[in-house]
Each structure stands twice: as C-alpha cells, then as structure tokens.
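Just below is one structure, and these are the notes that go with it.
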Amino acid sequence: MNLHEYQAKSLFQQYGIPVPKGVMINDLADLDAALGQIDSKGWVVKAQIHAGARGKAGGVKLVETAEEAEQAASELLGSSLATIQTAGKALPINALLIEQTLDIYQEFYLSLMVDRVTKTHTFVISAAGGMDIELVAEASPEKILSVHVDPTVGLMPYQCREIAFALGLTGTAFKQMASVMQGFYQLALDKDVSLLEINPLVLTAENELVALDAKVNIDSNALYRQPGLVEMRDISQEDVREAKAADHQLNYIALDGNIGCMVNGAGLAMATMDLIKLNGGEPANFLDVGGGATPERVAEAFKLILSSSDVQSILVNIFGGIVRCDLIADGIIQAVQEVGLTIPVVVRLEGTNVTLGKEKLANSGLSIITADGLADAAEKVVAVALEANQ
C-alpha cells in the first residue's frame, strides 16, 4: 500500500526525520489559512498522487505570491495528473501539500528497502539526488552506496558515520545523517515498510538535512496489524478493479491483453500467463482466487474479469487440492448465468472431485469449452480469442 507524500512526512516527523513546514489542503477555501501557517518567502504547491516524477509532469509548482499560489492550486486541485510512472493513466488530485521553500546547497538520495538477496534491510545512498536513481546506477554506478543492516544487531552507529563521511557532511548535518538513518530503520520495523525513499534529501544553506520529498510503501500483507495505516489508504489512487478484488480476498492485477485468467495459486497463475504468451496470446489480468475459493468468490472473479471491455475469452485453470473442483464448477455456472456471459470460456480442472466438476459443466447447458490439460487449455483460449478478433 502506498502513502501520499503528506502522510509519509507525518510519519517522518514522528521518527525525528526533518521535513519542510507544510500543510495539506483538500479544499481551495483552506489555502489562505495554509499559507498563513507557513512563514516563507515563497511556497511550493505539490499535487498529492501515488506516483513520482510529478515535477516533470507539472504537478509541483513554485510560487512567490498568494495570487500565484491560488492560481496553481486552482489548476491542480480536482484535476488529474499522469507521469512517467503512471503507465499512461491519469490519477485524480484530491489533495495538495503546501510547503515552505528552502535554500538548497546540495541534494542527496536516500532509501531503505528489503533486499531479498541478502535478506536484510538495505540502505541505498547517493550524492546524486533529485534524479532517477535507476539512471544514476546505470550511468555512474560508483555514485551509489549501499549499507546492509544485520537484523541480529540492527543499524550500527559506525554505519551511519561511514555514510556521512562518504557524502562529505560536517557539523550539524553529519549528526543529522545518523538520526535520519536510525529513524528510517525504526520506522521500517515498526510500520512493516517495504520501501522508504527521500529524493531529494537536501542539505540547506544552514547546513541542515531536510527531506524534501517522501515515499513510503507498506507491506500490504501486514496491514492486519497496522490499523492506523489502513486508515491512510486512498482508494481513489488505486485501480478500481484491484480495490474491489481486495475486498473479496482476490488477488487481481489488471494487464493490457484480451484473455481473462482465473487461477488458484500465484505460481500456477504465472505459469498460465506464460503459456498464453507462448501460444501468441496476451493475458488481460492476473487473478488468483486462492485456496479457499467458494462459488461466490468465483462469481465475483468472473465479474472482475468482465469489467474490462478488452476481454474476448476467459481461461479458468483450477487445480483442486484445497478447493474442490465441483465447487469451482458451481461457481463458474453461477457466474455465467448471473452475468449473461457472451464470450468463450475455456475451463481446465484437475484434482479433487474433478470428474464431478466436469460433469456439472457438461450438464449445465452452457457453452463452456473444457480442456484436458494446461497446454491444451492455453491453445484453445488463444484460438477462440483470435476468432473473436476476426
């Protein structure tokens, strides 16, 4: 789960990470009061969406007067913004962050993530802040520093000092780097964070470090023990279908193809999509109904798939271990009848009660294509999708 910048900075403040003075508004009527709370020679008006690269897309505006601030806020609030990180989709701007301006001397990059290779929390630091870190890593890998935190002892003071020395920090900023890194690490542990990022972390003319931007991603699997963070969720920034799927305990990710997929198990779902691609097709989604699939959840899964007008055929691939194939068949029949399905459905069932499941499908009177194996199912669903295109 992603947080907005203003939410992330609120967490930063709780952990002693310095941020600019700022006020979030979601109504233009609150703008004057917000400006009055920020003693600054100018302001920054920042669109709040779940994406980076907002500045390049016109979502961050530097203003010097209240009139300019009002114009910028009027243009942004209530509109939508697409960046290079939104895959062509414009996200709604329902809130703005109004911040003070700073005299910036130098910009750094700082992030903390879970490294699956070393199985540690890992800091990534660079003196080349304010840029896409991927581009820096590609063009100048020597500018990227990393620090792996041993989970048995935690972040050590000497590791913070090494980074401060490497960045050439002195005085107040040198000491601040240690507190920022310690705050980062504790925040990640306390809040089940999968990614923390400041880009840029700026060194001001007063030799102080300030988090000019903030990005926080929370491990969605841990939200059950983070009720305070759940309240920060902004569904308007999410794909409507993915949000609805989560409400029904379905794992759904929208893709760009025309072949809908319904599978139980993430690994089997990925293998199914691979075979569709191998046969020349394009999956329209990833959808894992899970091991405890019920007829009701299967029906909801069908509705999710069909919510995309691009879908021209559907492949249902179920291996009945925990879930019984006859129950899946009931769900398929129920869903087809409920939604009045008009596109081809290819079904591959294997496992517990598979014979009974196939009998139910055969006796349903519905136009459902059965397959004898996964390879056969992939071939058939791609073929019927191609026919629908002609």
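One-based numbering along the chain as shown.
The backbone N, Cα and C atoms fix where each Cβ goes, and this holds for glycine too.
Features of the protein shown, as given by Swiss-Prot:
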BINDING   LYS46, GLU99, LEU102, GLU107  ATP binding site
BINDING   ASN199, ASP213  Mg(2+) binding site
BINDING   ASN264, GLY321, ILE322, VAL323  substrate binding site
DOMAIN    9-244  domain 'ATP-grasp'
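Annotated features, which come from Swiss-Prot, shown on the structure.
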| residue | record | CB count, 10 Å |
| --- | --- | --- |
| LYS46 | ATP binding site | 26 |
| GLU99 | ATP binding site | 25 |
| LEU102 | ATP binding site | 19 |
| GLU107 | ATP binding site | 17 |
| ASN199 | Mg(2+) binding site | 22 |
| ASP213 | Mg(2+) binding site | 22 |
| ASN264 | substrate binding site | 25 |
| GLY321 | substrate binding site | 12 |
| ILE322 | substrate binding site | 13 |
| VAL323 | substrate binding site | 24 |
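Nearest by CA distance to GLU99 (ATP binding site), out of the binding-site residues ASN199, ASP213, GLY321, ILE322, VAL323, is ASP213. According to its DSSP assignment, VAL323 (substrate binding site) is coil. If you check the binding-site residues ASN199, ASP213, ASN264, GLY321, ILE322 against GLU107 (ATP binding site), the ones with a Cα inside 10 Å of its Cα are ASN199. For the pair formed by ASN264 (substrate binding site) and ASN199 (Mg(2+) binding site), distance between Cα atoms is given as 39 Å, rounded to the nearest Å. Rounded to a whole number, the distance between the Cα atoms of ASN199 (Mg(2+) binding site) and VAL323 (substrate binding site) is 46 Å.
Mean pLDDT for the domain 'ATP-grasp' (9-244) in the predicted structure: 93. Taking only the Cα positions, the spacing between GLY321 (substrate binding site) and ASN199 (Mg(2+) binding site) is 46 angstrom. Closest to LEU102 (ATP binding site) by Cα-Cα distance, out of the binding-site residues ASN199, ASP213, ILE322, is ASP213.
Note on proximity: of the binding-site residues ASN199, ASP213, ILE322, the one nearest LYS46 (ATP binding site) is ASP213, by Cα distance.
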